[in-house]
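K.L.:
Sharing a structure below in structure tokens format, with a few things to ask.
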Amino acid sequence: MTIVDRVVEGGPGGSVVLRMPPRIGAQYACPVASSFDAADRTEAPPVVHDPSARPPVHVLVVGLHARLAPLALRERVAFVPGEDASRAVAAAVGVPEAMVLSTCNRVEVYAAGPRAALDGAADRLLAFLAARADVAPERLRAYAHVQAGPATARHLCRVAAGLDSVMLGETQIVGQLKRAAEESRAAGTMGGTLQRLVCTALAAGRRARARLAPASGPTSVAQAAVRAIGGAPALAGRTVVVLGAGETAAEVLRLIEHGGAARMVVLNRTAARGQALAWRHGADSEAWEARAVALASADVIFACTGAASPVVTPAHLAADVGGAPRGPRLVVDLGVPRNVDPEVAALPGVALWDVDALAGNPGAARDAVEAEAEAQRWADRYERWLANRPVVPMIARLKEGAERVRERELARALARLDGLDEREQAVVRELATRLVNKLLHPPMAALAADPDAHELAASAHRLFGFAPDSPSQSA
């Protein structure tokens, strides 16, 4: 008897006794801009000298996670693909940079900008999300997490590494983060601060994940679902229906295609995508509009769509197909918002599992100390970069001014030194360059490293004789 048979048993008076499963523990290399690729591959993200940067900047995140917020609340806040979430957040909350990361287990909004713009932004974000869920802000606050400043960078680095996931070491989050960043970029709400944060987090995730022991438990919600039912062999002789044609649906089919199912059917709103996915995994494809017949005849249903409201209702499963008696049926809802009406669980002989029922991963109990430390190291690097941004224009102007002096004085000296051959001129040029670099290094290093760099920058402006917002003056 497989778990598909065991999950539903007739209780007193024919009622359903649900046997829950045991608690079970993208598009480009680096998102947002092609420059991410090089930065994501480096040991540490390089500081970008951005003369347009203006101090001071701030970052924060407000979100709901499966550990604190129930699915019934998360699905009311969740954003679906194509919703233009980042633009909506930026406009409603009044922040220049915004990114929304909405997955099965979390809904998080990242914001960045000048501190003046972010004053009170956390409260405004909570109010925005509460209005979306149609609940009081105080109620949402009880389930939400808020991080600001350095904690934001550490949080996203942990997220990208799978250290903040319901399933430790989860791998799907990487693609989800990349898509969130691309959506923000397309919406025009991805500025330099969030771009660097995402790039740093992706690099941190890759490095930290390499320090985790090989996963012994599932690292995606699809793996958790298939493992919970007893693996692909538990589907032998069954009719399996998969709704959706995205990443999760594709992974479900990949995991079960060799399990001996009597029939596998893919249903998707976009017929061409559904047909292509079905063909790759030896499944059939049927029209979305005719899903009632396919669902009514299914033994196991995996719902994996990005729909904003349920696409499987009690009526779909209660349909009479040829009057044949039905055995127990299992419906696995992997969507957030939920793809399946919760009332389905009340139908006789039907078991409904959602993403919260699959949460946890005891098989992933491993030493994550090194991975946590790696994530923290990258978060620290981001914070140093963020702290240095205000003085970058000052450093650039200082270097520009010194270079102009070097070129002018070098030309004057070479004009007076008649008869120097090319090698001798090269020696003089190298001497001038080395002198300038050695003289500039101490003040530039001090500006980059001092926590009170704003005050040092003001002093440097006075010492070197040019205004903060004007080009360097000639010496």
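From the backbone N, Cα and C atoms, a Cβ is placed for every residue, glycine too.
Heads up, TrEMBL stuff is auto-annotated, nobody curated it.
These figures come from a predicted structure and were not determined experimentally.
What TrEMBL records for 62-210 is domain 'Glutamyl-tRNA reductase N-terminal'. If you look up TrEMBL, you'll see THR103, CYS104, ASN105, ARG106, SER165, GLU170, THR171, GLN172, GLN176 marked as substrate binding site. Annotated active site, nucleophile per TrEMBL: CYS104, in sequence order. Residues annotated as site 'Important for activity' in TrEMBL: HIS155. Marked as domain 'Quinate/shikimate 5-dehydrogenase/glutamyl-tRNA reductase' by TrEMBL: 234-358. If you look up TrEMBL, you'll see GLY244, ALA245, GLY246, GLU247, THR248, ALA249 marked as NADP(+) binding site. The domain 'Tetrapyrrole biosynthesis glutamyl-tRNA reductase dimerisation' annotation in TrEMBL covers 371-465.
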K.L.:
Return the maximum Cα to Cα distance in Å (whole number) over the record's substrate-binding residues: THR103, CYS104, ASN105, ARG106, SER165, GLU170, THR171, GLN172, GLN176.
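P.N.:
Max Cα-Cα spread across the substrate binders: 15 Å.
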K.L.:
Under 8 Å Cβ to Cβ from ALA245 (NADP(+) binding site), same chain, six or more residues apart: give me those in sequence order, or none if nothing qualifies.
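P.N.:
Long-range Cβ contacts: VAL266, ASN268, THR270, ARG273, GLY274, ALA276, LEU277.
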K.L.:
Could you put numbers on the helix, strand and coil content of the domain 'Quinate/shikimate 5-dehydrogenase/glutamyl-tRNA reductase' (234-358), residue by residue per DSSP?
P.N.:
41 helix, 28 strand, 56 coil
K.L.:
Tell me the Cβ contacts of GLY244 (NADP(+) binding site) under 8 Å, same chain only and six or more apart in sequence, or just say none.
P.N.:
LEU267, ASN268, ALA303, CYS304, THR305, GLY306, GLY335, ASN339
K.L.:
In the same chain, outside GLY244, ALA245, GLY246, GLU247, THR248, ALA249, whose C-beta lies within 8 angstroms of the Cβ mean position for the NADP(+) site?
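P.N.:
Filtered neighbour residues, in order: ALA250, GLU251, VAL252, LEU277, CYS304, THR305, GLY306.
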K.L.:
Same chain, not part of THR103, CYS104, ASN105, ARG106, SER165, GLU170, THR171, GLN172, GLN176: whose C-beta falls within 8 angstroms of the C-beta centre of the substrate site? Give them in sequence order.
P.N.:
GLY162, VAL166, MET167, ILE173, SER220, VAL221
K.L.:
Over the span of the domain 'Glutamyl-tRNA reductase N-terminal' (62-210), count residues by DSSP class, listing helix, strand and coil in order.
P.N.:
86 helix, 24 strand, 39 coil
K.L.:
Out of THR103, HIS155, SER165, GLN176, point to the one nearest GLU247 (NADP(+) binding site) in space (Cα versus Cα); all of them are recorded positions in the record.
P.N.:
GLN176
